[in-house]
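Asker: Got a structure for you, questions after.
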């Protein structure tokens, strides 16, 4: 039996993820007029562009909701964000600049916590504002059904009747005004923005063109660092971790992780840290483009990665990075709570993050321009005396190194023999500018 309802289930409770914006406001009132019993659920994700959460459920009641609840998701959001940080669950990068998967993390939290609240109220039909071309429709589908196996999905934007009657923002605005709500449609921006406490996503409209760049974006979590008239002074900041958890910024300890991340956002935001422009593959494999902000996570990530490289050995770091990229894809696909994701995440948290204790001092300048000034940790395996060029007591002698190099003759001989074979069969034809050894066949020795 299909879990997708293509028409409005009249006479039944329908939960809607309610942002208070034009789309969900019009959808809620339309459902009420058409005979459904709408319930509104609003997630407080610490969105930097929302200044009055308490007013949102009140508006939902005015528009016809039989019930409206505000769900505080901030603590869970930050907990999942730090888990992603600890496991390096970030697979989208361009030239070393990272997208921190802030929207996928937000969807994992929203999709589970709102549906859990609906289930408490006996609401087993859920709608939201995601479109059929995007990632969120699948993310919410997966997370919702994980929490409530009896859940049915109704999305007004998949209902042809709704589309025919209220297919655009102008029609929605007129509909709300005619209903007596004096709803003023906000001014159209050149792009769409979605945000939470971890970061902001700017995409669509003018940003669909790769001829448009970051300069058309007005940041909501930091400064437009590319503008000459924006003055940004260099700033030194210290970040301290204990057993993989960020605990202090500039010597100030935080018992509340939400407050710590808010302060990290303020510090990083003063410099435009963590902004990136990415081309990515959506879940359906079509490419999309987004410009992202994540000043706080970026700041914490710099310090965390510095400690990872100073504490763990090469093979552990390599496995951490490989697993992190795989986990990032699973997170992006809406599989953050799938068994394979839990396995990868908990492996990193147990065997990588638990050893990360220390403090890193960073100088922030403009955008992603920074320098690491100092690194301290009781767990460092970096010991400069082991490789010092000065005359110090050493853990190995020149004769030890001669023996080690002599043992390398075995694999060097194997490599030389393989290169000769490749040359004989025509796979290697070194040119004049090639750095390949001039390996010849047996007859040319």
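Positions of Cβ are set from backbone N, Cα and C atoms, glycine also.
Copying in the features that Swiss-Prot gives for the protein in this structure:
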type	residues	note
BINDING	17, 18, 19, 20, 21, 22, 23, 24, 25, 43, 129, 131, 136, 194	ATP binding site
BINDING	99, 135, 139, 192, 201, 203, 280	L-citrulline binding site
BINDING	131, 135, 136	L-aspartate binding site
Asker: Looking only at Cβ atoms, how many others are within 10 Å of the one on residue 99 (L-citrulline binding site)?
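Answerer: I count 25 other Cβ atoms within 10 Å of it.
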Asker: Compare the Cα of residue 280 (L-citrulline binding site) against each of the binding-site residues 17, 25, 129, 131, 136 and report the nearest.
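Answerer: Checking each of 17, 25, 129, 131, 136 against residue 280 (L-citrulline binding site), the shortest Cα distance is to 136.
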Asker: Just checking a number: largest C-alpha distance across 17, 18, 19, 20, 21, 22, 23, 24, 25, 43, 129, 131, 136, 194 for the ATP site, rounded to a whole Å.
Answerer: 19
Asker: Return the maximum Cα to Cα distance in Å (whole number) over the record's L-citrulline-binding residues: 99, 135, 139, 192, 201, 203, 280.
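Answerer: Of all Cα pairs among the recorded L-citrulline binders, the widest measures 19 Å.
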Asker: Beyond 131, 135, 136, what residues of that chain have CB atoms within 8 A of the centre of the L-aspartate site's CB atoms?
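Answerer: Those within range, site residues removed, are 130, 133, 134, 137, 138, 139.
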Asker: Which one is it: of the binding-site residues 21, 25, 129, whose Cα lies the shortest distance from the Cα of residue 99 (L-citrulline binding site)?
Answerer: 129
Asker: Using DSSP reduced to three states, classify residue 192 (L-citrulline binding site) as helix, strand or coil.
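Answerer: Its secondary structure by DSSP: strand.
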